Amino acid sequence: MDRPAGLRLRPREVACIVKPNERYVVAGGCRLQGEVPVSGAKNAALPILAAALLTSGESVIHNAPMIRDVAVMIEILHKLGARVEEGPEGVSGRTLRIRADGLNGQEVGADFTREMRSSIFLMGPLLARVGKIRISYPGGCAIGPRPIDFHLRGLEALGARIEERFGYIEASVPRRLRGTEIYLDFPSVGATENLMMAAVLAEGTTVIRNAAREPEIVDLQAFLNKMGARVRGAGLDVIRIDGVSKLGSVEHTVIPDRIEAATFLAAAAITGGEVTVQGVIPEHVDAVTAKLREMGTTIREYGTAVTAVGPRRLKAADVKTLPYPGFPTDMQPQMMALAATADGTSIITETIFENRFKVADELRRMGANIKTEGRTAVVQGVPSLSGATVVCPALREGMALILAGLRAEGETTIEDIYHIDRGYQHLEQKLTRLGATISRV
């Protein structure tokens, strides 16, 4: 593959420094209007970046979103001995070139893992490629327990030896991972991806049953197969991987971010505006657009664009999160913000993560009427919200507070916005382009 002009070596001092004192100031009462492009999918890019460690060849990854989680993953790859070059930024992301022919590390410390839970994706590739990894327990958003037992049990089934000591997971394999049958007690997206990456270089065939079906898993399969892997079944609940001895160079474009796309459609709905999201795969957001229609939003789809036209006031609707193709848990906080000003009572049930109603406390500061118990929230819509100072508890919850601030009367200040930087590229610019008044201070 020819090297395009303009590529430069990414500096080791990657731009992922946490700035907890930064905040957003959002002016309420605006109707968003216009078009907005969708970035590459965060939840597809992260496992694909980890999968680049599986080959000594060159991995060219287009449409990688320039967000903090990707920056952290790039720095981890540097730490492990990979070389990463970053090209000019496009509308939806950048091109990254990765060469992992000189891996010289197997440890991922707490300074990285506390930043990002997705660092766990490195276990499968490193075990498959070099046979060893020592990794601190992953961090990320504080949205309740996300046990990594699915990952560990699956890797053990493939032949890995795993010990947990002093806050670290130490895993090794004597010679080569061995193909086997794995049944996941829950269709975990991360575990499915980790086991796929581990199994592509294993000896024999691996079958993953009750696998997650998310589009990001289909994208990972496409990336792996372009490297020379033999994976089939992604998008279904049974995935089969025939191990190969070596993988080669690859060029791949990351799919659009369905959560970002759905979030901008929700922004149109809550503000009574009209927003066209460009560069989306419409079927990836079907569960969200169906719910927005139920709430009174007009949805139009054509090609790779989706338009949402919000009503004067939304109607209440019940939401239950489920594994794909059900309603995504990463859109549940945003839907709570919409329900807070809808006409009627909405019942929101969270079945994926525990403790994902933290945004309810902050929405109540703005005048929302929300009662939570366990995994259920009852949201009685109010005619209007009032601007307030609120604290961002996690990535998607922070976006929910921005949506509420756009709808509220007056000015809303959102603190601890470093969470939001983990998942949205050029957020202020995109919202400003749609007519929002939002500033980072």
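The backbone N, Cα and C atoms fix where each Cβ goes, and this holds for glycine too.
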> Which residue of D101, D149, D330 does Swiss-Prot report at the same UDP-N-acetyl-alpha-D-glucosamine site as R117, I352?
Replying inline: D330
> DSSP three-state call for K42 (phosphoenolpyruvate binding site): helix, strand or coil?
Replying inline: helix
>> Just checking a number: largest C-alpha distance across R117, D330, I352 for the UDP-N-acetyl-alpha-D-glucosamine site, rounded to a whole Å.
In response: 16
> Sequence gap of 6 or more, C-beta under 8 Å: which same-chain residues meet both conditions with respect to K42 (phosphoenolpyruvate binding site)?
Replying inline: P65, I67, D69, V70, D257, I259, E260, R422, G423
